[in-house]
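Participant: What follows is a structure written as structure tokens; I'll ask about it next.
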């Protein structure tokens with residue numbers, strides 16, 4: 001009579017949990033399955049079954065045997081049991097199979113982190129997340145502390161994959177050379193790894209909200225251009241007014257000089273001082289110099305010096321019908337003058 005063996009499972013590195021069905025062994029870790037019995041018949045052997053197939057066998061030492069698995073793989077998943085066999089008098093006897101031990105190989109990927117940096121420093125942190133100035137570059141970095149290297153990162157915006165990149169030292173950088181409004185949204189990253197032809201993904205990281213804001217440079221440029229344009233217009237207006245003022249002053253100066261010249265020309269043209277001969281007979285009250293305009297059709301002006309102390313001007317009309325009193329060589333016409 002052989003008792004039913006027991007079949008506990010231990011992991012030397014301690015990296016296993018007990019789930020609803022049994023132990024959960026992380027992929028790549030080592031574990032052991034130990035079979036033991038309390039039979040009074042020592043010297044037997046243990047057989048380790050997976051499902052209905054013998055996978056390993058080992059001689060019992062102190063009525064127990066340890067089956068080691070240095071690196072857990074998905075091929076190790078399944079339902080295990082052990083049987084104790086003993087040979088007595090050339091006859092083989094086997095115990096009932098132990099209870100089933102369900103082994104599950106798991107891949108536990110930690111939640112990645114999703115910090116963000118902007119190489120040009122043009123970003124702020126708003127109430128909901130990062131605020132990127134339109135036109136500037138920014139980078140989203142995904143990283144994890146998973147023990148499974150060689151995976152890839154996927155960058156999600158909302159529920160869609162936007163970019164993917166192989167992990168380098170368990171991190172990946174997603175660059176955006178020029179921020180645009182199409183880059184706004186909620187971002188998250190997921191770490192994916194392929195183990196034994198099976199794909200595993202980590203939980204999604206926390207959401208990173210990206211907001212794109214308009215650049216102030218065009219506004220500042222427009223304001224500066226407007227100010228410069230306004231200053232240019234004001235300067236042009238001042239220059240035009242100054243030039244107009246200079247022209248008016250020059251015109252006034254020219255007009256004044258022309259009027260003086262006109263008066264001088266009129267004086268020279270209208271008044272010709274003719275020095276009379278000393279032998280000419282005149283009354284003592286008449287002037288010594290008579291200014292006569294030779295043109296008979298225009299008005300002539302006679303400059304009369306009264307009493308040798310003051311100079312009066314008398315307007316006289318000379319006509320051709322006046323009788324010539326003296327047809328001498330001097331051609332002096334008699335002029336009736338009234339003081």
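Heads up, the Cβ atoms here are built off N, Cα and C, so glycines get one too.
Whatever TrEMBL says is automated annotation, not expert-curated.
Keep in mind that this is a model prediction, so the values were computed, not measured.
What TrEMBL shows for this protein is this:
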DOMAIN    20-103  domain 'Immunoglobulin'
DOMAIN    127-210  domain 'Immunoglobulin'
TRANSMEM  207-240  transmembrane segment
REGION    249-269  region 'Disordered'
COMPBIAS  251-260  compositional bias 'Polar residues'
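Can you walk me through where each of these features ends up in the structure?
Facilitator: On the 0 to 100 pLDDT scale, the model's mean across the domain 'Immunoglobulin' (127-210) is 90.
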Participant: Give the residue counts of the domain 'Immunoglobulin' (127-210) per reduced DSSP state, in the order helix, strand, coil.
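Facilitator: Breakdown, helix to coil: 3 helix, 47 strand, 34 coil.
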